[in-house]
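Encoded as structure tokens, the structure appears first; notes follow it.
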Amino acid sequence: MASAQTGTEMSPHHVTRTYKHENFLSFISTMSEKETVETTQEPKQVVEPTQELEELAIDGDQAAAKKKKSKKKKKKAVSLDKTYADGVFPEGQWMEYPLEVNSYRTTDEEKRYLDRQQNNHWQDFRKGAEVHRRVRQKAQQQIKPGMTMLEIADLIENSIRTYTGNDHTLKQGIGFPTGLSLNHVAAHYTPNSNDKVVLKYEDVMKVDIGVHVNGHIVDSAFTLTFDDKYDNLLTAVREATYTGVKEAGIDVRLNDIGAAVQEVMESYEVELDGKTYPVKCIRNLNGHNIGDYVIHSGKTVPIVANGDMTKMEEGETFAIETFGTTGKGYVIPQGECSHYALNQDIDGVKLPSERAKSLVKSIKDNFGTLPWCRRYLERAGEDKYLLALNQLVRAGVVEDYPPLVDTSGSYTAQYEHTILLHPHKKEVVSKGDDY
């Protein structure tokens, strides 16, 4: 989920653009080798032609029967607690820290011991990440042009509920509203219940999915297109995100990550309908660190050089996300709001009405400080809540997050991973075979 930053515009760092760019995927992507299966043949028996034909016919009937049977045995999605009954979930991709001063961490027994003490904490993230991988695989297979945004959101969110095996949102489940931002809309759009938008073949959709287990949030996103003319835009953003992941680590300055991301992102161009566009970083969107039940926990990870000398620290969790655009490279809030979150410091704030009080109680009971959308309120049984909700926003009790948009007619893309800064190595916990 994107972190937006307000302030003065910054001139993009000038970088020579090239069409051939070193693929940073080689630093972090685990490529699975193709398996080769050797077959051995039994010595062929000599049979009469009529017997051979009869045996082939029998074999064919049996194969057809097996095929028919296998179609009926389609696997049904179940809670991962049944799949991983021992509570040990797949680890993410491990990476060394980039700085030489951190090289000792890999072999330091004390650091590894401290890491083991937080094993339950890490298992929550790994479970959330495995849910995320399965949900996005299903989404990538099933999302097609012609589907409504509501159908797509339901597909993703119901899959999260199935794989976590729990509809109690505070224990585990959806980490934040499913982002389905289209084209020039970069972030913070999910359909409200009256939404009629239909996905089109020419759309560029950012799919931003959050899964949490006991408040430990996995935040990861990809961009879905059906027309390959956008490939260079997607490649630029994906490689920029990989660069951010590679550069991140304990004691790394946030500015240095932003500078590296910008250099990669802005070395790309994309040709759309005969016109060439430079790919720009959206300079006021950032990655962020993640706290327990808090998606944006204070630090922001820039995607351009911005002079921030703040360092990443041991034990922190970060969402490394980058946004590229064919537009201005700067987003503004615009459009009907769907994303909200309860502010953490509301003790002593006078609530404006009895309806507002009951709505705050419902929000606390169902979401705590996790972000939510209007559809989730309705699922929790709330109706006729809009007036009270707007009162809470004006009172500063609830924060609203409207859609963030670049220039109309432009195209934006996003990729994102969650990383865990262990004492000895970093873990790209959301890494999968897809990205």
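Residue 1 is the first one shown; counting continues down the chain.
Cβ coordinates are placed from backbone N, Cα and C, and glycine is handled just like the others.
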Per Swiss-Prot, member of Asp208, Asp227, Asp228, Asp406 binding divalent metal cation 1 alongside Asp219, Glu416: Asp208
Residue in Glu321, Glu378, Glu382 which Swiss-Prot records at the divalent metal cation 2 site where Asp219, His288, Glu416 also bind: Glu321
Range among 57-77, 99-119, 120-140, 162-182 that Swiss-Prot annotates as region 'Disordered': 57-77
Rounded distance in angstrom between the Cα atoms of Asp219 (divalent metal cation 1 binding site) and Glu321 (divalent metal cation 2 binding site): 9
Residues close to divalent metal cation 1 site centre defined by Asp208, Asp219, Glu416, Cβ within 8 Å: Met1, Ala2, Gly179, Ile209, Gly210, Ser220, Ala221, Ala319, Glu321, Gln414, Thr418
Beyond the site residues Asp219, His288, Glu321, Glu416: chain residues whose C-beta lies within 8 Å of the centroid, for divalent metal cation 2: Met1, Ala2, Ser3, Asp208, Ser220, Ala221, Gly287, Phe318, Ala319, Ile320, His417, Thr418
Asp208 (divalent metal cation 1 binding site) and His188 (substrate binding site), Cα-Cα, nearest whole angstrom: 9
